[in-house]
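Chemist: Structure below; questions to follow.
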Amino acid sequence: MVDVTLNVTYAPVRVAKPSIAAMNNPPPKGAGKMIGKEDASRCVSIFKTLGLASIMIFAVVSLVGMIVIWKSGLIERVISQQLVIEKDTEVYDVWVKPPVKPIVNIFVFNYTNVAEFTAGKEKLKVKEVGPYVYRLSLEKVRVVFPTNDTVSFQEKKNYQFDPVLTKGSLDDVLMVPSFTVLGTVHKLDKLLGGLPFNPLPDSFFTKEPFEKIKVRDLIWGYDDAIYDTVRPFLNMVSGDLPAKMGLLVGKNSTDEMRFTINTGMQDINKLGIVSAINGKKKLSMWRSNECNRVDGSEGSMFPPPQVASGLRLYIFLAQLCRRIPFDAIKFMVTNGMPAVRYAPPEDVFSPDNPENQCYCLSGKCPKNGLFNVGPCVFDSPTMASFPHFFQGDPSLLDEVEGLKPDAEKHQFYLDVHHKFGVPLGGKSRLQINIVAKAKNIAPMKRFKRDTILPVCWFEVSVDELPPEVKSALKLATHTASHGLMYFLLFVFVFSSGVIAYYATKRTRAKVARPLIYSELPKKLILVQKK
């Protein structure tokens, strides 16, 4: 009986010849059944082992998967590839006709003491009036795909006045600098070559450099006798001027400027980057190829890898005919989603910035905080700045009283989704100023030469995204990127729990059950056998 048991337990491949004693003493009843139960128990043990091994593999794979997704941004890259501009896609439909309607706030500077200034008693004082609010609807029209990786279009704009948000009325009458007088003086100054005397009689100008005007006319245009007189001559040197003078004349329609941008199909790092304006890859009004280079985003989307890496972004501002750099300044949450806030660097309009030298015409740069937009706007005496000369030369505040620069109110910034490069909010803020030149010409005798007169400033803002846009972005942000992570985490925790349960159960079983003969060490059994 002992020999048979040992042979079965430790040498299953040997067939022992039964002894005569064993034949005369048959095994007790049920011995065969005991051997069958042991084989069944062994099969169950094998299945348990295989099951635990599979669970361990699941745990390892889920852990590795979580690490790969977390470190590599795999899900974000897959989603980013879905943001390319391709016809017959949801992204294309939203890009062509954005559901977001920006709010346009227009603040006008009302000059309150022109009579005292003209009499030489006081320096000019201004009071900010507004905002006069419009809701802007945008649509891209005449869309053409010249190549697989570029798309060209024009932008159709529709401004809708919002009387509820407006403080004041479009019929408000304000005192503002006269575009026609200051613009005509600017042209005469260039034609006369800066002569120290004025060859024209004082009676040549019958208008003063300031005029009373309704806000409605200031924004959308008005008739002016001087402008009507000089316009045919100006057209010969400055191109086709609009029929009326006004801040947004011709803007409530399809823009004549045609953009060509990259679709991101072949290179996601070029998504939304402008490659041509009106078919031209370079401008011609600045002093170098670098400043004339057409580059930067058109503002509706940015290359996701650049945003994720925190690299400097560029936006091509058509109203300035140049690209503007934007640097990442902080991480934040905008509209419930992770975002990077971008803003122009402090020296963006500084003459000390080497990158701005090619924008300085005739070898002369404007003061810090000013940008000469004249070459971009019919060669007019126009300067752009941030509102209230924010981040500008302090001397700009000495010309006019009533300006109070404030970062909270006047900084230009943009919040961009930190993974997908989609704008989530922001405020575009720029101020329009006009230059009073030619002190020797009659209406300008009271001014210092090149006095900068603020006219108004614009704020284009997106504070709240439409619910459908917000839901789609949140789904992509949280469900896509975190959903798989949570699933893998569940698999890992569940698998680890199962492994821990069986390990604990096996340990307890070994401690609790009595030692049986078949589990004795082999050497000990062999010794007893001898």
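Each Cβ is built from the backbone N, Cα and C atoms, and glycine gets one as well.
If you look up TrEMBL, you'll see 50-70, 484-503 marked as transmembrane segment. Per TrEMBL, the feature disulfide bond maps to Cys291-Cys358, Cys321-Cys376, Cys360-Cys365.
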Chemist: Measure from the Cα of Cys360 (disulfide bond) to the Cα of every one of the disulfide-bonded residues Cys291, Cys321, Cys376, then give the nearest.
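Modeler: Comparing Cα positions, the closest of these disulfide-bonded residues turns out to be Cys291.
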Chemist: Whole-number Å distance between the CA of Cys291 (disulfide bond) and the CA of Cys376 (disulfide bond)?
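Modeler: With the alpha carbons as reference points, the distance is 13 Å.
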Chemist: Round to the nearest Å and give the CA-to-CA distance linking Cys321 (disulfide bond) with Cys358 (disulfide bond).
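Modeler: Cys321 (disulfide bond) to Cys358 (disulfide bond), Cα-Cα distance: 13 Å.
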Chemist: Express the distance between the Cα positions of Cys376 (disulfide bond) and Cys365 (disulfide bond) as a whole number of Å.
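Modeler: Rounded to a whole number, the Cα-Cα distance is 16 Å.
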Chemist: May I ask which residues of the same chain, at least 6 positions away in sequence, place their Cβ under 8 angstroms from the Cβ of Cys358 (disulfide bond)?
Modeler: Trp286, Arg287, Ser288, Glu290, Cys291
